[in-house]
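Chemist: Structure provided below as structure tokens; questions to follow.
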Amino acid sequence: MSIILGIDPGSRITGYGVIRQNGRHLQYLGSGCIRMSEKELPGRLKQIYAGVSEIITQFQPDVFAIEQVFMSKNADSALKLGQARGSAIVAAVNADLPVYEYAARLIKQAVTGTGGADKSQVQHMVMSMLKLPAKPQADAADALGAAICHANTNKTLIALAGKATGARRGRYR
């Protein structure tokens, strides 16, 4: 049994989702969004770090799963997204959590069955898979998708290897 924290990074809104994996069963523990009130990027990065650290303290996850940066036509947006990811990852590493990264297409495929799914499809499937009473916010649904993707990927790796994947705690690779 493990608790997985999923993160959908963003420089203005960072989504988070927490699930418990017990064998094949996934249980919803919580989700939401960290909304940045700071205007300047350094202040927003500090808010991401503090927010993710608080979530880690509250839920005590065993694993941290985060969406990878995608290549954007706007280089400035991609750089800001990378910095937001870095703030969240540092919070996880400081808590000695193993960090796993997943491409957005892989997360969408794990949740909806297709890598080209839109946000509403991800929301609908996350709601269905976790038996939620209502659709989660889009960024929170993406974060829950990252956690679900890790749970499914981890189960597959364990089945293929016949044992745990051997990730080292607190090591970012």
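From the backbone N, Cα and C atoms, a Cβ is placed for every residue, glycine too.
Sharing the features that Swiss-Prot gives for it:
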- Asp8, Asp139: Mg(2+) 1 binding site (BINDING)
- Asp8: active site (ACT_SITE)
- Glu67: Mg(2+) 2 binding site (BINDING)
- Glu67: active site (ACT_SITE)
- Asp139: active site (ACT_SITE)
Chemist: Around Asp8 (Mg(2+) 1 binding site), how many other C-beta atoms are within 10 angstroms of its C-beta?
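Modeler: So the number of other Cβ atoms within 10 Å of Asp8 (Mg(2+) 1 binding site) is 29.
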Chemist: Counting across all protein chains shown, how many other Cβ atoms sit within 10 Å of the Cβ of Asp139 (Mg(2+) 1 binding site)?
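Modeler: Excluding its own Cβ, Asp139 (Mg(2+) 1 binding site) sees 24 Cβ atoms within 10 Å.
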Chemist: Neighbour count, 10 Å Cβ-Cβ cut-off, for the residue listed as 'Mg(2+) 2 binding site': what number do you get?
Modeler: 25
Chemist: Distance between Glu67 (Mg(2+) 2 binding site) and Asp8 (Mg(2+) 1 binding site) at the Cα atoms, whole Å?
Modeler: 6
